[in-house]
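Pulled from TrEMBL:
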- 9-688: domain 'Myosin motor' (DOMAIN)
- Gly102, Glu103, Ser104, Gly105, Ala106, Gly107, Lys108, Thr109: ATP binding site (BINDING)
- 565-587: region 'Actin-binding' (REGION)
- 800-975: domain 'TH1' (DOMAIN)
Amino acid sequence: MAELEGLEFGKSDFVLLDEVTMEQFMDNLKLRFEKGRIYTFIGEVVVSVNPYKHLDIYGKEVIEDYRGRELYENPPHLFAVADAAYKAMKRRAKDTCIVISGESGAGKTEASKYIMQYIAAITNPNQRAEVESVKNVLLKSNCVLEAFGNAKTNRNDNSSRFGKYMDINFNFNGDPTGGHINNYLLEKSRVVQQQDGERNFHSFYQVLRGGSDELLKSLYLQRDPAEYAYTSQGASVTLASNNDSLCHKAVMAALKVIGFTTEEISSIYKILSTILHLGNLQFTSDGEHVVLVGEDTVKHISELTSTEPENTRKALLYRTVATGGGEVIEKGHNEQEASYGRDAFAKALYERLFAWIVGRINSVIEVKDYNPALHGKNTVIGVLDIYGFEIFDNNSFEQFCINYCNEKLQQLFIELILRQEQDEYQREGITWQHIEYFNNQIIVDLVEQPHKGIISILDEACLTAGKVTDTVCLDSMNKKLGQHPHYTSRKLCPGDKTMEFNRDFLFYSPGFLDKNKDPLFQDFKRLMYNSSDHVLKEMWPDGKMSITEVTKRPLTAATLFKNSIIALVDKLACKEPYYVRCIKPNEVKSPLLFDDGRCQHQVAYLGLLENVRVRRAGFAYRQPYARFLQRYKMTCEYTWPNHLMSTDQEAVEAIVNQHGFEDDVAYGHTKLFVRTPRTLFTLEQERAALIPILVLFLQKVWRGALARMRCRKIRAIYTIMAHYKCYKVKAHFWEVERRFANVRNMADYGKSVEWPTPPAALMQFHRITQWWARQLIKNIPPSDMAEVRAKVAALSALSGERVDWGYSRAWERDYLANVSFSLGYSFRTLTLHIFTLIRHIKYSQVLFSCSVRMLNWFNNTKDRALLITDKHIYRLEPKKHFKVQKRISLDTVVGVSVTSGSDQMVALHTASQDDFLVHLQRGQLNPNQDRVGELVGSLTDHFTRSRISTMETVLLLSSSKRQKCHYLAQVSLDQ
């Protein structure tokens, strides 16, 4: 900041003054105003002087200069305090508020608009549509509220005639998600009467001068404001800064952007025109009754309010009264009562219209569907733009409430900035020189103290039965408040000629009681409630009550205002405050004139000099040790990542000592106090330089952790996949086994059975195996198929039971017919005997034949021949020309037993238990030849095929038959 602002512009922070005196303060303030530097700091408080001219210091380039920067990096500016409030809200999730205060015409409204503009510009960098919509509504709401709530006064062309506090809600990203507007005490008396040189609310002149001809025709209006009693006073007043016609177009566009419907906009302007027509109503007396002058105006009002003309006329001329006995009578007004009722009705119409507009805007900008668990903490920045002090020649009830509000806000400033700060130093044990200041709590108590305050005395007078005048009320205040040092009246101070006897107090004029009661005849409420315009009806819910319905006396206007201001102060007190103190340099709105006396009065009242003394003698920044350590521990090697010291205070001292800030800090019991912002700024710079390094480190560690977690997940996934694939493969083979379990019993050996769909892991294997099986089978000649079938049958029976069962050689099956396998018999002799045997034996196929050796009961062995056909089993005597020694029907065979060794023992079991026990001869050419597998395979294949061919239609076999067909390759080790 020192580099950007030279000494020729004065001190940019009043804390830097050589001496804290009023003269030096005023000299510095005046110098900066004359040099075009309208903003000056007092620590974190911004003092703003109204320049009364446009300054090019609010553009996009300036906004970028202040975005994200520390408070003292740039010259003093509204944007600096707005950014500080935004950073506090975003960094620490702390609700903040910006309180803009000062006299009327000091520039509070413009300051609030620039703050809103800055917050809108620095948020939502991703241009999310829903956030942009919220920002547009928040910004456009200012335009609408200014049109309906601001007016031209003698001090200000765009004076806020209502108080506005806006809460802006932000999500955890720092983007606005909605908001809420509270309005306080609209100056509705301005609707019917203005002081000389002032205007009614802007909205009336905008619709008259900016509305289209068609619109004015539909509203029965003329373009000249002088034609209407309520606007004629300000008709000749011109505004240097505003063009009513252009403003009307801007307001219409803003209403549409906010979301007002065409019907609602039409109702708004109908109400405005109704008020203007009401002002032109005249009443005259015909002796006994009061009559209206100009029935056409009544018809226009009825049409614009969607009511019956007769009901409108009766509400203006009569008042419905309920007697004690429940009887309802109509009491006619006199001229004064009729005029009073007309004006009260016009004021109430405008007040309720304004309240409805604020409520309608709130319904659009309120945060919807908010869930803290889902959306995170909802933080708030509050912006308070409220009317400033007003001291006129004639000060009415509105000025009393306005000035009470400012006293209350000043008391909050004293509470937060002056008293609490000094109390905190004492509480924390910090050496401190007490600063004297004026505490205006005594003024606040004078106004709001229960039973003794001015508001309580006013309420008591309003509730007193009978006719109570302002004079009677003033006497009551003189009696109860006569000893108060800050209360005076002409009776108590006869020499003060600025006040009138029995009329004025504290520069305030009469009329308080009526405005405090704020009476409005119930007839008007019922008239508006019964309107067919639903927008108008919505504004008057109390019109639903019957005239005979007894209700509780409503609170007075002063009490309602007091309650709302107390609630506002409580709301501000729970937020971290930032202040903009506005000063009005002169009364003539000149950009060149600096009225020293006028400005000095404002500086004194705002307590700015005491604020400088407190800030100068105290500490600019304070933070609990734990929070300070959490934010800056990475700047010290002894505290990062976690310190090993006994307390957080010792760790904070290590950070301070390492940076050499020992002389600029003080250690409290629970907090660290930093005297100058430069120390904090240096720490923030170092922290900002370290954050990217730490982020990279954390990213590296986190990425490694994520990679390891991902690796473990992948390993687990692959493990699961492997087991699942294994299961699918097993399940596939289980299904294959189930489907092909009985194919050996089928005529086509399972050719018609459909293979199950294999899993993905077996898809290629399945295709290859099926293809290879087909390749193998198609190359086998038909003459060898019997041998293949026999080997397959032997495999299923002997696999895993017998090591060698002859699968690797060619099977002859009928060895007796092959001379190479005969046992010493000549081919001629053997052939002769075999053919002789064939003539006597009836069979169609020889299943197996070979030479065997028999073992009898006497342990003697003899050479024999075994011939197995498809009908019988024969035991032949080779030496007797192959005489049939024994014959057994093949159907009686129930099983075959072989050993698990390499011997050639075979037991043929029959149903009659007349078993065969033979030893198969291997032959002379191949002494190691195994023929057991050949015998078992031939029999198995035969039994399987014969069962299928003879019982094609039978699905279930008898127990004995199944036992026969399902041969058992039993292990008979003992035989």
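Yeah, the Cβs are placed from backbone N, Cα and C, and that goes for glycine too.
Around Lys108 (ATP binding site), taking its Cβ as the centre, 28 other Cβ atoms fall within 10 Å, counting all chains.
Within 8 Å of the centroid defined by the CB atoms of Gly102, Glu103, Ser104, Gly105, Ala106, Gly107, Lys108, Thr109, the record's ATP site, lie the Cβ atoms of Asn50, Asn156, Ser159, Gly388, Cys582, Lys584, excluding the listed residues themselves. Neighbour density for Thr109 (ATP binding site): within 10 A of its CB lie 23 other CB atoms from the protein chains shown. For Gly102 (ATP binding site), other Cβ atoms within 10 Å of its Cβ number 25.
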